[in-house]
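Each remark here refers to the structure printed beneath this line.
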């Protein structure tokens, strides 16, 4: 098979690492990819939202499958155009992609199809959002409506902080994504990430993990795209998994199909496990980043047949995936200043050495100079991942590897996995 993988982050590097290991794959091309992905695939300098160029590239390499990594490609309508050209694609249409690209759409969708979620108000102005605060008790949750790279959510402890978040959104901090906001009820419980595949009709659960959104240890500081993950996560008891499947996953797939946009790809369900059962926090229409990294380390099965089955409508013929009876941890190394303005261009050394058993480093935001020097080129720069017999072993391996990487402008959290280890 010839496969085109779209994207350039740590999630896409993890997908490339797993896809390249498949005996079914003859040629793997990434667009645009990153320096780390060059070990697994050919790189082409085509951006993830340049739909005409991506379709042309898929035709050029005679792609048997296009795998869409980032949400920006979904929002740009890449899957729609590929389907129109008869090119098999793993990833939903832009219509189905509204489950991520608009918080207001998702809230209305949840109401329409009975998915449990937090009480909310959609606000078109700062004045309306400030008035909506009267409906809720602190902490307040303020969400930019559109795509904001995981940084558009503020959990405000008091009204002053909430009003500042509202002013930031309507003041242009998130561009068009902040043209309206959702003010919602704060949910008490433990958050988790669950993934499900769908081929337009049949669906299948595809792993779960737990993320760390806040930038600093102890869940302090602003939200990020994710500072680390681990899998399996003890919060996902068999009872909770079944509740998520029946109350969130299956109604979501049925609902989006009823709306005229059958879902093909992976759905990322971010949920809060409350005393009243799971409640939807948000949907994402792609693998989580960095959740994907730990799932790929734990996935024993060949990933490619599942991607193909989603694209071709044969998921119902596939067996459940097989997972390693091991834990996996991902620790994100970010550039200082993230999630604000990250330090750019810092030199990175030490990735060419043996970093230990079952350790894999995925590139997330890197570039390589003409002389081969590796440098930071983003907020989240590296994903240091490790497997182990248990969570503590995997975590220790990841942090031991980080100690051997030289990146003066980088930082990471030191407490990834604290919820599970503290049980």
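Each Cβ is built from the backbone N, Cα and C atoms, and glycine gets one as well.
Marked as domain 'ATP-grasp' by Swiss-Prot on the basis of sequence analysis: 107-312.
Annotation source Swiss-Prot lists ATP binding site at 133-193, citing sequence analysis. A sphere of 10 angstroms centred on the C-beta of residue 141 (ATP binding site) encloses 21 other C-beta atoms.
Sequence annotations record features per position, and here Swiss-Prot assigns Mg(2+) 1 binding site to 270, 282 based on sequence analysis. Non-local contacts of residue 270 (Mg(2+) 1 binding site) by the CB criterion (under 8 A, 6+ apart in sequence, same chain) comprise 191, 192, 193, 280, 281, 282, 283, 284.
Taken from Swiss-Prot, the feature Mn(2+) 1 binding site applies to 270, 282, supported by sequence analysis. Reduced to three states, the DSSP call for residue 270 (Mg(2+) 1 binding site) is strand.
The secondary structure of residue 284 (Mg(2+) 2 binding site), as reduced to three states from DSSP, is extended strand. Here Swiss-Prot flags 282, 284 as Mg(2+) 2 binding site, drawing on sequence analysis.
Positions annotated as Mn(2+) 2 binding site by Swiss-Prot: 282, 284.
Fewest Cβ neighbours within 10 Å among the binding-site residues 133, 149, 165: that distinction goes to 149.
Sorting the binding-site residues 157, 284 by the number of other Cβ atoms within 10 Å puts 284 first. For residue 181 (ATP binding site), applying a Cβ distance below 8 Å and a minimum sequence separation of six or more within one chain yields 122, 123, 129, 142, 143, 144, 145, 166, 169, 170.
The domain 'ATP-grasp' (107-312) scores a mean pLDDT of 96 in the predicted structure.
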